[in-house]
């Protein structure tokens, strides 16, 4: 039994590794690819596409649990993987309508995929193995930022323009990678819990398959209504209201490091022929920052309240240093130029080493905020963790969507300033929540 569960967790991690190697690489380069298209009929924007994905994802999270309950986590993840693969395939022969249609579909698929992942991981874990299994899964997932971006660097280094042939080769490779990840979900074995449910349902000889699924759907809708009521109740609590600015900030910086910053580097005139290849290296270095931060702060500081505030403060400082260096190192018009490279000059002569240092700091700071937000929500809402995490993902995704929509129109300086204001406010609010928790613990002990 233990071997089967471990096998399932490893295959789950490998499947997500392949799918998100394709998707994170695509997200990192798609605005650059869209700008380079030799196609006058294509009018899409990579920023708008990513905004649609995160916007649809945020609202689809409310219905995803019902879908997972009805058709099961394994089939849900397989169907979601097909939607991810469809989005990647659009870049091989791009058209505006299919680009935006698959953006909506992948938003729905992402909500189902992540809900099914959480459900499946819990089903294949016990209290003694949940931390190990979660660690194994996230370690495999974080590696997804390395391999695809390495391919981008090797293929684009020395290029000033992305040819149609290069684009097709890259996205064909990413499509194959995504399909392999999707097919790996079919290898997953049924957990003992699933087998018990199936044997119980099969034992009811009078209950047809149609009635069985109807019963599942009815139960799922009742659970969804109950969870939605819980979400509305939690939204009114002081803790969630105070943590909202921090959650919103995590959405803004998510959009910046995952889609905007790589585009800025690729558009910087002073980097010359190295600019396009640096997008891939930047993505790799962001991934290294995420892995280092997740390992250090997610595992070592998980149960220590004092360290939780220290880690968030470190995340704020790390990000503010990165923003200041980006402000000095990257031209102000880098996010908004379309068919040309940057026309403005930054305060410093753009440096590759500073640009990549900022990539690492962005990844490190992001892991600081995310690990501690998960930690404090898991502690405060131990009995309502699912609705609490749903609120977190909802707020984060909505602000990421908003950020992607304005990123193509707002100069870099103002984007950085907005993140600094919200990051500072979010950190202060996080400190207040932590203080409230410490005070309530002290009262209980007294």
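The backbone N, Cα and C atoms fix where each Cβ goes, glycine too.
These come from TrEMBL:
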TRANSMEM  7-25  transmembrane segment
TRANSMEM  45-64  transmembrane segment
TRANSMEM  76-93  transmembrane segment
TRANSMEM  99-122  transmembrane segment
TRANSMEM  134-154  transmembrane segment
TRANSMEM  170-188  transmembrane segment
TRANSMEM  239-257  transmembrane segment
TRANSMEM  277-299  transmembrane segment
TRANSMEM  311-327  transmembrane segment
TRANSMEM  347-365  transmembrane segment
TRANSMEM  386-406  transmembrane segment
TRANSMEM  412-433  transmembrane segment
Ask   = Taking the transmembrane segment (76-93) as the reference, which of 99-122, 386-406, 412-433 gives the largest number of Cβ pairs under 8 angstroms?
value = 99-122
Key: Remote residues contacting the transmembrane segment (239-257) - C-beta distance under 8 A, at least 6 residues beyond either end   = 50, 54, 286, 312, 319, 359, 362-363, 365-366, 369-370, 373, 376-377, 380, 388, 391-392, 395-404, 407, 415, 418-419, 422-423, 425-427, 429-430, 432-433, 436
Ask   = Any chance the transmembrane segment (412-433) and the transmembrane segment (45-64) have 3 or more Cβ pairs under 8 A, given the pairs are 6 or more apart in sequence?
value = no
Residues from the same chain, set at least six apart from the ends of the transmembrane segment (45-64), whose C-beta lies under 8 A from its own = 27, 30-35, 99-100, 103-104, 106-108, 110-112, 114-116, 224, 228, 231, 251, 255, 258-260, 263, 390, 393-394, 397-398, 400-405, 407-408
Query = Counting Cβ pairs under 8 Å that sit 6 or more residues apart, are there three or more between the transmembrane segment (134-154) and the transmembrane segment (386-406)?
reply = no
Request  = Sort out for me which stretch, of 7-25, 99-122, 277-299, 347-365, has the most Cβ pairs below 8 angstroms to the transmembrane segment (311-327).
outcome  = 347-365
Message = With Cβ-Cβ distances below 8 Å as the criterion, list the same-chain residues six or more beyond the ends of the transmembrane segment (170-188) that contact it, or say none.
response = 8, 11-12, 14-23, 25-26, 74, 77-78, 81-82, 84-85, 88-89, 91-92, 120, 148, 151-152, 155
Query = For the transmembrane segment (386-406), what are the same-chain contacts with Cβ under 8 Å, counting residues 6+ beyond its ends?
reply = 47-48, 50-55, 57-59, 61-62, 114, 227, 230-231, 234-235, 240, 243-244, 247-252, 254-256, 259-260, 373-374, 377, 380, 415
